[in-house]
Amino acid sequence: MNFDITRYPILSFAHSVRRLRLLSIEQLPQLCTELRKYLLDVVSITQGHFASGLGVIEITVALHYVYDTPFDNLLWDVGHQSYPHKILTGRAEKIGSIRKKNGLHPFPFREESKYDILSVGHSSTSISAGLGLSIAAGKEGKNRKTICVVGDGSMTAGMAFEAMNHAGIIQSDLLVVLNDNQMSISKNIGALNKHLKFLRDIKKSSKIFNFSIFESLNFKYLGPFDGHNIFKLIEIFKKTKDYRKTCLLHLITKKGKGYLPAELDPIKWHTISQSFSSSSKILTYSDVFGSWLCEIAEFDKKIMAITPAMCEGSGMLKFSRLFPNQYFDVAIAEQHAVTFAAGLAIAGYKPVVSIYSTFLQRAYDQIIHDVALQKLPVLFAIDRGGIVGHDGPTHQGIFDLSYLRCIPGIVIMTPSNENECRQMLYTGYMYKEGPSVVRYPKGKGIGMSLSPMKLIPLGKSLIKRVGEKIAILNFGALLQNAYLAAEKLNATLIDMRFVKPLDTNMILKLSLKYNFLVTIEEGVIAGGAGSAVNEFIMMRKILLPVLNIGLPDMFIAHGSQEEIKHDYQLDPEGIQNKILAWLSY
């Protein structure tokens, strides 16, 4: 998107940090106005993270104006806030490509710009990395500053407090800027949020009181101040630049600032994305999960639903309103969410942890040590399994099958449609011997009608098509693509349904009848469902060629789900071509 100089006269001049610093302080309010307007114009066309960036315009301008970035280290936590930062650091005319294939990365990305010090996507990482950078800067002796902008709920995660606990005893030259907009993606909850509200209220009533939880961690606490007052921010940052101790600056902002609909409903406007047609009756997998949860809760008061700050995205909004005493939003605290569920299970309750695949990685030890080792019946509803698309490598849910499959006693189910997802959720809910997983993709189902709940026999697959010579074993939501490829190849197609326990009886039968086996999954091949098939075949000394189709040993960049599937040959034509190429070797 090109600049219209008449529409953005100041911003068109200050298209780089070097030129930004040539502006007078008096010109900065107009720059902020134009930057906000430009962000509105661009994101309304291109889609992407929206409300968070609007809330940090003044903070971004002031930081780059006062500090010597990129010599000084500026870290963003979470990366949703970084759109204004990208615009001011030489990427303004490319901002329209953000989240698109071969376009700008959706979050700060080290390979994209020298101003992006730390690649981010998950929350609460900046203070740890910032402390390391600050210690290194101190040893360097060049008076290099390190600033971490922490917002959108990132301060609620345990990792942030682990870092602050460490930073408080080291006393490095580190500035933590707390962007307090009272929101993550959903509304912030918890005791910390109440403490921040207490500090905001005290500031309104008295200037004498100046104690906070951060001072007890040996941080110099400053604030709270208005995060939209550009002149005050310049004044404050000029002072903090000269400090030689660990500081936390508390700034009050409004998520969605400058666009009234986003100010009034920052959850809805957190991201602007393509909407499904209002006339479409096809449910998303998240919708199916949410409705199933409500249906179970109608007759079971012991079912407890847990989410780490992803209520809306996981389809739990209706449940949270209808069953508030059975709903727990633990904030951005994935480790706590899992062990909290373990405690509920020990007490005889039926916990369901709803979590995105990419965020479950953060609680891996808890899954093993606190749930699986103790054989606790915790159901994990893993949303966004597989390719998620536009949010890129930090959010692709492609590692879960590999890191979960090796855990003893766990049941892993991969539905191929929304009705199968519903039945698997019920099967996991009824399973009492240990943890169970239902792993489903982002987006809509295929239009299957939902049938009454019933148990699926553990480890039992379904034959979807009978063909010759080739048997395709599909795990998960790529079944439709696999079916089209199987038709072209006249291959047998099996909906495996379970990654663990694997339907080994079916594999044995297929090995006696077919010349080739092909496995398909929407995840990394290494250690995944296909690897489980390979291991079984080798253990039984079966001499049968097997082709594993999935994602390669690399991080998958951003783009639409369809583009990525095409690029990695997971669409029908790609699957067919990959099999034909393999057969021709």
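Heads up, the Cβ atoms here are built off N, Cα and C, so glycines get one too.
As written in Swiss-Prot, here are the features:
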BINDING   His80, Gly121, His122, Ser123, Gly153, Ser154, Asn181, Tyr259, Glu334  thiamine diphosphate binding site
BINDING   Asp152, Asn181  Mg(2+) binding site
Between His122 (thiamine diphosphate binding site) and Asp152 (Mg(2+) binding site), the C-alpha gap once rounded to whole angstrom: 11
Spatial separation of Asp152 (Mg(2+) binding site) from His80 (thiamine diphosphate binding site) - C-alpha basis, Å: 8
Pairwise Cα distance for Asp152 (Mg(2+) binding site)/Asn181 (thiamine diphosphate binding site) [Å, integer]: 7
Neighbour count (Cβ, 10 Å) for Asp152 (Mg(2+) binding site): 28
For thiamine diphosphate, whose listed binding residues are His80, Gly121, His122, Ser123, Gly153, Ser154, Asn181, Tyr259, Glu334, the greatest C-alpha pairwise distance in Å: 32
Fewest other Cβ within 10 angstroms of its own Cβ, chosen from the binding-site residues His80, His122: His122
